[in-house]
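Q: Sharing the record's features from TrEMBL:
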{"type": "DOMAIN", "residues": "47-176", "note": "domain 'Enolase N-terminal'"}
{"type": "DOMAIN", "residues": "184-473", "note": "domain 'Enolase C-terminal TIM barrel'"}
{"type": "ACT_SITE", "residues": "ASP252", "note": "active site, proton donor"}
{"type": "BINDING", "residues": "ASP287, GLU336, ASP361", "note": "Mg(2+) binding site"}
{"type": "ACT_SITE", "residues": "LYS386", "note": "active site, proton acceptor"}
Amino acid sequence: MSVQEYLDKHLLSRKLEDAVNAAVRAKTSDPVLFISNHMKKAVQSVITKVKARQILDSRGIPTVEVDLYTNKGMFRASVPSGNSTGMYEAVELRDGDKGVYLGNGVAKAVKNINDKIAEALVGMDPTLQSQIDQAMIDLDRTEKKGELGANAILAVSIAACRAGAAEKEVSLYKHIADLSGKTNPTLPVPAFTVISGGKHAGSNLAIQEIMVLPIGASKFEEALRMGTETYHHLKAVITEKSGAHNCNVGEDGGYAPNISSFREALDLVKEAISRTGYNDKIKIALDVSATNFCIGKRYDLDFQSPQKSGQNFKSAEDMIELYKELCSEYPIVSIEDPFDKEDWEHIKYISNLGICQIVGDDLLMSNAKRIEKAITESACNALLLKVNQVGTVTEVIDVVKQAKEAHWGVVTSHRCGETIDSFIADLSVGLASGVIKSGAPCRGERLEKYNQLLRIEEELGEQAVYAGEDWRQ
């Protein structure tokens, strides 16, 4: 297309004349800037360029970053990664060359963006999120995005979402709410990791995370303060009981004291909460991640201790009794992955007990088919949402709708390998997920999500709504 043909197609000559006339009427001191801004508003934005690169996540492991360009500017996104991947989640494409980043490079995914995805998307309207995502799914042609890589597709999908928000001249969370049909953006309750164990830390504790939820706060800013104060009091409690050397942190910022007892860990957290004076305003959640220590049909609570491993096995029935006791002794309101990911029988049983919310992570892997099975079998009552397990913004919105229609809770989650991208903060508000899990109030890649929620609450002003006691709705 020639320049003249382009000008004629988009009526740019007329629009430029209108911009000049508007500048004259406004008596602007900077007519060039005025005309430029006027033209940006007058001409519909399209994707003009997509450029990807390999960067490092919070663990020093490669991941994908994308710059997507429209006439409104450049919009950047990067994707997180987990410690492990499951057979039911979208495929994260790695290079596999053990001589480069121990096989963890993402040069193939980057090349797929630069050579294939970019060509398919240039010229598309960034506000049409579902069409952009579908174009990439069609280009990939596999069920789990194994050809192009879910890490490649998701990075572009998030960048396009940001570009769409800019084109509409609205904040990202508002754009996401529009895409999902939501009219009630809500600030989520933060689930702060305060103790890390399992595969997230080098301690002897089998359970992966103990979190605190300030559901009694009146707004997010207060919730952040309550969680942060609890975190600092916990450091003092641990130091007093076993020394400062036990205050090292795990991958997501939680303290990793060298203990193995569930109760000992919970007692530390309970004491920290008591010292804050918030007491009933703060509840506790557990991420057991029981698949990591399930051997056959039994659970090895000392799997982190080589000298003791195999000496403290519990049956599923034993674990049920343990969970019942812990929920009666501590203010526990949520347990994530209490059993192995294929132990549907006992997950269903504990869900039906009603002792607390039961969250499916490894059980579901944010997979629509697994979620449908869990809904049908009443196997759990909350979804742990990990965007990189899904692969596109559109599909993320769809699985959240699926969970909400079943009256489930939704927990928007980070991954252990994070970047400074704060997308999940806006996502949790736009989809009104109720809870966000983004690690400890410590480490920049975790705090970026919490700090973005502060900005969103400030922007909303008097219209800001904090989920609080309604965190499951």
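The backbone N, Cα and C atoms fix where each Cβ goes, glycine too.
I'd like to know what surrounds each of these features in this structure.
A: Taking the domain 'Enolase N-terminal' (47-176) as a whole, pLDDT averages 95 in the prediction.
The Cβ of ASP252 (active site, proton donor) lies under 8 Å from the Cβ of THR193, SER196, HIS200, GLU209, HIS414, CYS416, GLU418, GLY439, ALA440, ARG443, ARG446, each of which sits 6+ residues away along the same chain.
Annotation for LYS386 (active site, proton acceptor): spatial neighbours GLY82, GLU89, ASP361, MET365, SER366, SER413, ARG415, criterion Cβ-Cβ under 8 Å with sequence separation of six or more.
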Q: Excluding ASP287, GLU336, ASP361 themselves, which residues in that chain have a Cβ inside 8 Å of the centre of the Cβ atoms defining the Mg(2+) site?
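A: Close Cβ neighbours, site residues excluded: GLN208, GLU209, LEU286, VAL288, SER289, ILE335, ASP337, VAL359, ASP362, LEU384.
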